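S.K.: Please find one structure pasted underneath; my questions will follow.
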Amino acid sequence: MLAFLSCLASVCCLSTAILVPITITSDWTGRFQGDLNFLITEEVVGWEVKINFSAPITLIDRLSMTHRLFQEWMGDVISHSPDNTHFTLVNKQHNGILHKGDTLHIQMFADGTKYDLNEVLEKSILFYEAQRSGKLPSTNRIPWRGDSALGDKGNNGEDLTGGWYDAGDHVKFNFPMAFSVTSLAWGLLEFKDAYVDAGQLDYMYDCLQWPLEYLMKCHVAPHEYYVQVGDGGQDHAYWGRPENMTMPRPAYKIDEQHPGSDVAAETAAAFAASYLVFKTRNGTFAEKLLEHAMQLFDFAEAFPGKYSDSVSAASAYYRSDAIEDEMCWGGIWMFLATKDPHYLQVAESNYISGAAWGQEFLNHMKPFIVKVLLYKVTKKDIYKTDLEATFTDWMPGGTIPYTPNGLAFRSQWGSNRYSANMALIAIMASLQGVHTQAYQKWAESQINLMLGDAGRSFVVGFGTNPPTQPHHRSSSCPMYPAPCSSFNMQRDGPNPHVLYGALVGGPNQNGQYTDKRSDYVSNEVACDYNAGFQSAVAGIKALYMRGDLP
Ligand SMILES: *[C@@H]1O[C@H](CO)[C@@H](O)[C@H](O)[C@H]1NC(C)=O
Ligand SMILES: *[C@@H]1O[C@H](CO)[C@@H](O)[C@H](O)[C@H]1NC(C)=O
Ligand SMILES: *[C@@H]1O[C@H](CO)[C@@H](O)[C@H](O)[C@H]1NC(C)=O
């Protein structure tokens, strides 16, 4: 049974509408059969059935009805709401007449995703809105957020306001921020139809533009780039609202004497991917992105070095172990944006072969993700073989363990985000014809575990029994002027503000999870946690819409 799909239908054009619930008689993940039975209480000469579903339906087909002992193909869907949850059916000309005492039995087959993915997309975008730093625009939709960190500036007074706070804290780390932007931009590029259908396209452009404007501000000269604002130690010692921070917020930059090819190439990737996203939306903005991308990638190539060697403040948080994966990733995006073969050559020459798992805290994903894009661009077998080897490792029977519920469990700290990222890669690989069905099904199973299949939701403010205590400072503070301090971190009880759309860290290897704010391993949220997740959700929705998911 599809527990998720509650639905009420009514026949109208009667003196009183008849309301009945839908009975789901068969459920094949994603496709179901539903029956409606209306007992007719008066003479009817034409009818209309309105159906409200609790989740979007992509297609209703094979409607049939039993009407006075014979079965026939019946009515048509004449309209549906933009979000595909409300449908109106009308009778065909030959079956409009119903008599008192008849039962109108309607049987339908329909395709629907198991969870309301439109709602997930909408809420995930809201999470990024809650992470905004700087002067908020009048369009801000988060009532408990205000202007913050308006004094963020570079060593020469450059304006560095804006961007996203990294996680439950208030440091602005460009390395993960840029990676999140690239992952989100990639999802929008491939699955724009999903955002359009969900009514989220404009919000999604805004979502990306916010950090992009900031990343451009940070790039103060061709070979000078601020990569972090805020000191991890001082920031983490403060539990309170970003609007009320008073600690110093130092800014750290890379330059020719202090290089950082990884963060420069990563940011170039974000700009190049976003150039592709924005070029049909706002040519002026897109050209600015491309110019910054080219200068930063040039800097990354000409001055090799790891940024966490140059900026020690970053090394405890988002250390980089190697520059090859970002040079490869950035190179591919530069090639996709410019078609200049030089960039593809840089990408391929920095490719690290094999199914190897990067040990970097954040960059776990890049050694895999590049394989998909390189295969897409070159169609060379080596990339496909490496991709398959990676997934053999991740699928049941490989070296990656699974929780009892079926979540591929790479590591405890933020277990959900590893699987969400791999789900995105699986979907992207499936688009290249690599084990299409198996990879898509696996990806959907992983995402569904986060949305409710594990018996609860792991997305704040979404679905059944969602987390209420994300390890997140601003949403844990009551409305100003009530005080906020580490007491608000330690106390039990839901955060006063719902941090809609945030994917929390996730369960342990035994599938156990406790909704407890002080446990940041299971309950922190982060820009990079939601990025692969959101793009994977858009991908699954798009595959349903395109009729590609069985
Ligand atoms: C169905 O949805 C419409 C529009 O939201 C609403 O007006 C109507 O009352 C709903 N009907 C039922 C039976 O819930
Ligand atoms: C604290 O933050 C609130 C907004 O959340 C703001 O209205 C208030 O002015 C701030 N107070 C101080 C002292 O910064
Ligand atoms: C396009 O981008 C430019 C440069 O960022 C900006 O000034 C302008 O307002 C944007 N136009 C639209 C229609 O968004």
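Every residue gets a Cβ built from N, Cα and C, even glycine.
Relevant sequence annotations retrieved from TrEMBL are reproduced here:
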SIGNAL    1-17  signal peptide
DOMAIN    118-536  domain 'Glycoside hydrolase family 9'
ACT_SITE  Asp515  active site
ACT_SITE  Glu524  active site
S.K.: How many whole Å apart are the CA atoms of Asp515 (active site) and Glu524 (active site)?
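M.R.: Here the two Cα atoms lie 10 Å apart.
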S.K.: Within the chain of Glu524 (active site), which residues six or more apart in sequence place their C-beta under 8 angstroms from its C-beta?
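M.R.: Sequence-distant Cβ neighbours: Ala167, Gly168, Gly414, Pro470, His471, His472, Val504, Gly505.
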S.K.: Tell me, what is the mean pLDDT of the domain 'Glycoside hydrolase family 9' (118-536)?
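M.R.: Summing pLDDT over the domain 'Glycoside hydrolase family 9' (118-536) and dividing by its length gives 94.
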S.K.: Quick one: give me the count of other CB atoms within 10 A of the CB of Asp515 (active site).
M.R.: 19
